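Step one of this worksheet: look at the structure below.
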Amino acid sequence: MEAHNRKHSVGDTTLHTCHPCRRTVPYRIYAVIHTCGILALMYHHVNSLLTADTTLITSLLLLSDVILAFMWATSAFLRFNPVHRSEYPEIYAAKPKEEFPKLDVFICTADPYKEPPMMVVNTALSAMAFDYPSDKVSVYVSDDGGSSLTLFALMEAAKFSKHWLPYCKNNNIQDRSPEVYFSSKSHTWDDEADNLKMLYEDMKSRVEHVVDSGKVETEYITCDHFRGVFDLWTHKFTRQEHPTIIQVLQNSETGMGHTGKYIVPNLIYVSREKSKVSPHHFKAGALNTLLRVSGVITNSPVILTLDCDMYSNDPTTPVRALCYLTDPKIKSGLGYVQFPQKFQGVSKNDIYACEYKRLFDINMIGFDGIMGPNYVGTGCFFNRRVFYGPPSNMILAEIDEHNPNRIADKSIEAKDVLELAHNVAGCNYEHNTNWGSKMGFRYGSLVEDYYTGYRLHCEGWRSVFCSPKRPAFCGDVPKSLIDVVSQQKRWAIGLLEVSISRYSPLTYGVKSMGLLMGVSYCQYAYWAFWAIPLIVYGLLPQLAILYGVSVFPKPSDPWFWLCIFLFFGAYAQDLIDFVLEGGTYRGWWNDQRMWMIRGFTSFFFGFIEFTLKTLNLSTHGFNLTSKANEDDEQSKRYEKEIFDFGPSSSMFLPLTATAVLNLFAFVWGICGIFIWGERLVLELMLASFAAVNCLPVYEAMMLRKDAGKLPKRIY
């Protein structure tokens, strides 16, 4: 604990501090009490199993409660020592600019229609506009879709950046995504801003016209230097089969702002070679390609990974990360600094729980008190050295250019540099190498972020959670339920791939990281197992009501009050966590309701799909979440916090069936309570709780006529 109270400094100047949360001691005391309650409940179940006739029912309840107890234990471990950090970027910013390390920014995109090129452009421009020495920033955009539309958009962005970057730095603009800045109503415009907005709108219209037409016409290519690269898109060029394309769109050595005073950062387009006969490992493969290509070209010691929709919301963010990454007391073992994901345009009470408060805030401060947060795929500053083996044992790469300590001193457009960059981006380059297994981002799971962070922690690296008051990065949220649950189904499958493997957190993780960190990682790894208790408690008590059979203790039985204590105790603790980390009561209600919905959709179908894949009865791939703008009616429903079920999907069938069953059980239970007395009180309480949570489903079934209602064939 003393270590967490220390101030970390360079010389005599404090760069960051760490403070334990005040609720730590009360949480530890409650954990002991709750654990005793769980052990008593397990004793009751085992005793009932040995003495009662209803063996199947008791076994199902025991299985469900064992899973619930295990998942509660994982959250209790995360509550063992939560910490909050503060950093002081203004102190670091006062250092000479020559001392700032170089920074490589990785942005990944894969489909110009699901991830519109203008979204990628805004993310790239916001990163290029960091309050950071421009000649030390290089932005790499990986286009895994191999689209000429994305390349054209970035070519336009390079031209616009020569106007946008000087304007931001001259006027100390905070919103450095042009779309966000020009859409804001809080700014006052002068002539310069008006002219800049016209340039932006002109660029936007050209890009969107090209995307709508599906091809880049010759007249739209205004720079002769780039005309030749578009000739690569022939009739044989497909997203699954194409050569490597690396195009330097902007070179800081030669690229100047429109005033001739400001240097603009490097901007480099990368589309790795693809072949149908070679595995490409989805996003992890794209990131490893960027890691190798950037190693050849710039080899910056600090790397930032960003999703294409997560624009920079605070230009000082890199300096905040450096407060940790350059601290001599911790930097040798510090692998990365993770910032939380924050989102713009979230409905008032976050109806779909897309802020993932537990994932990006509550659990993060818990991880941070042990070995540090897990990697969440975006908003993360890495020490390049972290990708080349444990802190005490660096793994040598196959070529000298990939030594993380090498200083790249050649021009980024030198012929030999670009030739080698093309070579390391080839689809066969990784054969018989350590890439994806011991080096770089790790292969083996659809959730490459979770798996990579987990494996890095197992190697002995530590991480830091940095959560400033002004969000460092912001992105968009899905506005229909089907998009939300489909994304979470992919996560559930990827997490199962880790949990049911030789690298399971419960075995390999505990052995490598210790009990606290290993079990804490189980909080995510076994997500899909939530489906089991949710289904049992969503169906069994309700069927008991319909048949007039009791499966729970009566109020006159002391075991009844133990169940009440465990239920309300766990929920109360969850509510306290949620509110203390900046959430609202309505937001918490929506969050716990969405957890139940995921159990009957994402987790349930993720479990089935993973099982079928394990038995070689099916295969699954990486389904990209659409980030394209929704229609106006869908946006209006989202703002009014009305559930939008989207197109017809069988994923809603179990949820709808359970909702109907709980409604019938509730009505039947109210009618029969005078006959049964206290015998089915706990069953009726659960049916009531489920029915209240299912109100949006009943509304979508019976009361709504709009396009977002529950599809007729489902109900």
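Cβ coordinates are placed from backbone N, Cα and C, and glycine is handled just like the others.
Listed features, source TrEMBL:
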- D144: active site (ACT_SITE)
- D449: active site (ACT_SITE)
- K114, E115, D144: UDP-alpha-D-glucose binding site (BINDING)
- K283, D307: Mn(2+) binding site (BINDING)
- 27-44: transmembrane segment (TRANSMEM)
- 56-78: transmembrane segment (TRANSMEM)
- 524-547: transmembrane segment (TRANSMEM)
- 559-580: transmembrane segment (TRANSMEM)
- 652-676: transmembrane segment (TRANSMEM)
- 682-703: transmembrane segment (TRANSMEM)
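On the structure: features taken from TrEMBL.
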{"residue": "K114", "record": "UDP-alpha-D-glucose binding site", "CB count, 10 Å": "15"}
{"residue": "E115", "record": "UDP-alpha-D-glucose binding site", "CB count, 10 Å": "25"}
{"residue": "D144", "record": "active site", "CB count, 10 Å": "23"}
{"residue": "K283", "record": "Mn(2+) binding site", "CB count, 10 Å": "22"}
{"residue": "D307", "record": "Mn(2+) binding site", "CB count, 10 Å": "25"}
{"residue": "D449", "record": "active site", "CB count, 10 Å": "24"}
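By the Cβ criterion (under 8 Å, sequence separation of 6 or more), the transmembrane segment (652-676) is in contact with the transmembrane segment (524-547), since 3+ such pairs are found. Separation of the C-alpha atoms of D449 (active site) and D144 (active site): 17 Å, rounded to the nearest whole number. Cα distances from D144 (active site) to the binding-site residues K114, E115, K283, D307 are smallest for K283.
Counting same-chain residues at least six beyond the ends of the transmembrane segment (27-44), those with a Cβ under 8 angstroms from any Cβ of the stretch are 62, 65-66, 69, 72-73, 76, 79-80, 559, 562-563, 565-566, 569-570, 573.
Across the fold, the C-alpha of K283 (Mn(2+) binding site) and the C-alpha of E115 (UDP-alpha-D-glucose binding site) stand 14 Å from each other. Across the residues annotated as binding UDP-alpha-D-glucose (K114, E115, D144), the widest Cα-Cα separation comes to 13 Å. Sequence-remote contacts of a segment are chain residues at least 6 beyond its ends whose Cβ falls under 8 Å from one of its Cβ atoms, and for the transmembrane segment (56-78) they are 27, 31, 34-35, 38, 41-42, 45-46, 48-49, 362-363, 366-367, 515-516, 519-520, 522-523, 526, 529-530, 532-533, 536-537, 540, 551, 570.
Packing against the transmembrane segment (682-703) from elsewhere in the chain are residues 537-538, 541-542, 544-545, 550-553, 560, 563, 592-593, 596, 642-643, 645, 655-656, 658-659, 662-663, 665-666, 669-670, 673, 709-710, 715: each is 6 or more residues past its ends and has a CB under 8 Å from a CB in it. In this structure, the C-alpha atom of D307 (Mn(2+) binding site) lies 10 angstrom from that of E115 (UDP-alpha-D-glucose binding site).
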